[in-house]
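Feature annotations, courtesy of TrEMBL:
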DOMAIN    26-96  domain 'CDCP1 first CUB'
DOMAIN    102-206  domain 'CDCP1 second and fifth CUB'
DOMAIN    211-282  domain 'CDCP1 first CUB'
DOMAIN    289-394  domain 'CDCP1 second and fifth CUB'
DOMAIN    402-471  domain 'CDCP1 first CUB'
DOMAIN    478-583  domain 'CDCP1 second and fifth CUB'
DOMAIN    592-691  domain 'CDCP1 third and sixth CUB'
DOMAIN    794-881  domain 'CDCP1 second and fifth CUB'
DOMAIN    895-1007  domain 'CDCP1 third and sixth CUB'
SIGNAL    1-23  signal peptide
TRANSMEM  1015-1040  transmembrane segment
Amino acid sequence: MRLHASCALMGLLFWAAMDSTECLRTMVRPDKGSSVTVSTELPEDQCTVCISLNDTQTSCHTSLSLVPEENVSLLFRCSKPVESAFTVTVTRSIECTKDACSPTTVETQPDILTEFARTFTWELVAPEKTVVTLNILGEGLKETSQSCPNGLQYSVATSKTSSGGRTQYCRGGSVTRFELFNQAVVSLLVQPKTRVESVLFQASAGPLKGRTMDITVDSSTTVVLSREVEEPECEVCTTEGSTRACSTKEKTLTNSENLSVEFSCPKPQDVFSVKMKKRIECTETSCTPAAAEVNPNLFKDFKRSITWDISVPERTVLTLDFPSDGLKDKSASENCQDGFQYSVSSTKSSGEVKTTSYCKGGTVSHLDLLGVTTMTVDVPKEGELEKTVFNVKAAPRAGRIMSVTPDPNTILIISRVSKEPDCSVCVDQAPKQKCNPQTLKLTVPQNTSVEFTCPRPQDVFTVEINRKIDCSEISCSGNIVQAESSLFPDFNRTFTWDLKVLSDHAFQVDFPEMGMRQIANGETCLDEHTYSLVTYLRSGPATIGTFCKGGLVTTVLARYKGRVSLQVPWNTKLNPFDFKLNSGPKTDMIAIVTVSLPRGVSDTDFITANYPKDFPDMQRMQWSFIVPGMHNYTVHIRDYTAPECLSDEVGVEYQKEDPNKVTKLTLTDPQPQHQQGNFNMVLKNCETNRTLEGLTLNYRVSVVRSGHPVLCTVDLTKHQGVSLQIEKVGSDPYCEISMKSVVKEKINVAAGTTAKLSFLDCPIEEVRLTASQDIDCQNTASCSSTVLTVPTLDSCLPIPLYSFTWHVNIPQSSTVDLVSHTGSLQQALPGQECTQPVLLDVAEADGFSVGNFCSNGMIQKVQVHANVSITAKAQDFTKTLGPFLNISVSQKIPENIIYRVSPQPTSPTFLATPNWPQGMKPFSTVSWIVTLPSQYEAHLQFVNISQPKCDDRHTSIMVMMLGYEEELMSRREDEAAETTLVVPNSFYLNMSNCLPEERHFGAVTKIILQQKTNVLAIVLGIVGALLLLLIVLAVVCVVIKKKKKGRTNKESSIYIGKGNIFRPSDGHFTKTRSDNESHVYDSIDEAMVYGHLLSNSGYADRIQDTYKGIQVDSYQTFTGPTDGGLPVIKEPDPEPEVDQFKTFLNPSESFIPSRPRTPIDRQDSLGFQDRRMVDNELYTFKSTGEINTIRLSGYDMEPQPPIPEESL
């Protein structure tokens, strides 16, 4: 047969329509006994293989079979690469008898069509019960599921018609032979241009040798051998006595001992699987057998499935304990890596079966089960199984008992949510116990025992905690407060609050600051706390909305009575969350939802009541939107369903600030766009045809910034040295501040300049305005005193002034003096904060703090030997512009800082080192000059001292009185300071720092003023009292002696404490009245002088009581005024008794002359004497002149302490 001369000529004849083709021409001669097929999967118009029939005819096909032992020339044409477009299949047969095969060697044809992928296939033909053995020549094979790297991949199938049972191999393993049966197929796939050996296998045949096993099966076990694959041929036979029974499908074995089981195939484990069934019988307290045991070696090389059917009585808990490795849950699609799978099925009394699967290697060590249970263990081939798979125990189902105490006005409702029929909820104890399989309600706030008849009632029941709140008055009877509840924490809980209002009123629910976010009904919140609000209309309940925490809804006003509910799943901690309830006004709306839209760009979705179900007929619902300033809003209708209206119509109404201006639209009309200001949106429904779909609405409100900046021109040329600083301190990304149209985070307006500022969408709390002023002094002599006041800034600034700072610069040889405009300063310390509206922060130029001060304290002046900055902070600078301080410049001081302090007795004074509680500067010195008020001393207490470890020099604390050179105290850092130091006069407190190596130096000193005690006066008083006592004793002795003499001479004398003892007839009394002090008296004992006049009067009784029974004829020395006040003498007005008036000129009538009746006035004092009596020799009234006072002694000229009014 003759081919065309070239591919090009063939292309002209057969491929004229193809633009680009590839061709390959080759000569082929198939071997004897082989069937060669060349084919392509591409259509004929793209690829063909052609063979010449004669000189003029050529036949082209997509698949071509070649005749063995005939030479043929093939032409391959394809629009794609030829090598990958065609495949070659070479098929041969191996025919075997019961003891031999032909051919005995399995060969290939290595040189045939090597440019293509070739598949060599050998089909086995053998008699029944004959096994064909193919011994692999050369390197062994290994099983694989991947492609072989050398381009040679073997595969073995039990049948050419079977889709399963195909195994792939590659070179380099331990498999050296295949044992196959009739119709088995062996294949070799060779990649293009891959060399293949000519001889691969050596074939032999022999009779099929089966496998015999002797097994024992107990009476509680049933073994079922089931055929898994159709090929190869294999049957299982058992022989009992003379009876032989065989089966190719399934064989059941039970209650047999040493039973002979014979398989007709050598590897029955590849054909059959083993299912073992065992039984365990349980009572309420035990199980027989108590352990699930197996023979680990029984059918070990088979795939086994072992099942235990466990029967238990009702209300019995079954426990399975796994002694080996624990179990872990697995999903339905998951496979256990080691092939071991445990399945537990529990059958409920309703017939429902619940199955759970596990793998080995987890934390589940035991299972508690209810009802009839089936346990199945799937064991892979050669799987090692423990003898005891699990232990089983049974116990009465005790259920679960808990003690419950409902809160007052609270109802607990336990309801079934699962179909499990074997669990009931019971209340109280036997024999009064009442059980209900469906529900239980607890209303009495008392401790109640609740028992569930199953161990996991949370899988069966849910708990509702209901509380009723009365809102029929002006206010509601309580708030919705979800405190942490200990009731049923592992149950699914629903907290409900039923709100009662008047029929024509509404209730209002105010959400906290975080607000609420509306979600679609039926959805749940991320924090698993889902809230819903329902109102009960006359037409039925309507769900206003379902909400989650953290949103824009701030208030919901609902008509009629309603319910607020909170759903919390089991084992979720209840997060406390409060609502505020109020009785709302009358409204014709089903609900009014208040929404506070956020700043910036946002999109918020809203839905109607009952969504996605129908909105109630003939009802209206309102949304009140609060739009932030400088923002535009747009309303978009996202989705809606329009009902068929029987009366009225569906509409949307928009209302802004003017209540009389209402815009009415339909759902198909364009909604408001790019508008500003707060607005109300009202949805109105009609009377609908309820057989059709009703009204639903889902809409979105979008908010964007309006972009209207606040402009301000700041002119600082009017204020010398004043500069401004404006800084963003918040995190609002929509706030923009700019100067000269340049957006900045911080703006500085220099002194003496003018700036144009812009503020866009900036709330007050987002921006901070500060100002500063420089005060320079070049020469100490020329610097005048300056009063610090805050200048008035431009009113166009939209933010208030936060602080004002004065930077005071002085020469190096000068000192800044700071004096409060009110006269004194108070230093603010931790625990001693200022309460004044203005706080002054004084610091050195490097930022080192001198202290924080306010007015009205104990500090008169602060002197700083450095440049300082003074920052004033006030709550409202519009009300407080100053003046705050008077500053002046003085000569250099030796210390860094001097505080001049004038403490007051009314309260303690605290002095703290600069920069407290941090430390002083290294090598710095600070002093306090403390001036004390007169008659006071200071008690110093060092309440807090922080000492460093010094690297150079030492710290020093020194106290010295002003005007004295002696130090009262001097301590270093390594010496302990006194706890309390008493300083009697004004003093000087000095503290110096070293160069600290560790820690820092600082101190707080407390000064308490106490009044001085005059020790000298006390000592002199005691000495004088002792001296006076001696004098009194001497005088008493003399007086007694004189009285004895006076009884014969009838002479009377009176003792005067500071005068002389005298007698009227004493001849030694030679001085006259003009040159002695005989007329000067320290005291006069009136009881002795006037006692005879008191014998018949009440006054005498009072005198007796006052002087505690002193006898008139005994002498007593005057010891000063009594402790109490002088007795109040209430005498009747004197009546003139002319006839009875008698003088007391005759001393014989009485030793003591009578007391004249005189008014009780200042003449009652001990330093008073009536001159009329002195002038009379016998001390009688001879003159009716005016009363005159005379000084009895010089003692009363000394200053005396004031007598309190209580003693007068």
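Count begins at 1; order follows the chain as displayed.
Cβ atoms here come from the backbone N, Cα and C positions, even for glycine.
In terms of DSSP helix, strand and coil, the domain 'CDCP1 first CUB' (26-96) has 4 helix, 41 strand, 26 coil. Remark: secondary structure over the domain 'CDCP1 first CUB' (211-282) totals 3 helix, 52 strand, 17 coil, with classes taken from DSSP.
The domain 'CDCP1 second and fifth CUB' (478-583) shares the most Cβ pairs under 8 Å with 402-471, out of the stretches 289-394, 402-471, 592-691, 794-881. When Cβ-Cβ distances under 8 Å to the domain 'CDCP1 first CUB' (211-282) are tallied for each of 26-96, 289-394, 402-471, 794-881, 895-1007, the top count falls to 289-394. Residues belonging to the domain 'CDCP1 second and fifth CUB' (102-206) score a mean pLDDT of 89 in the model.
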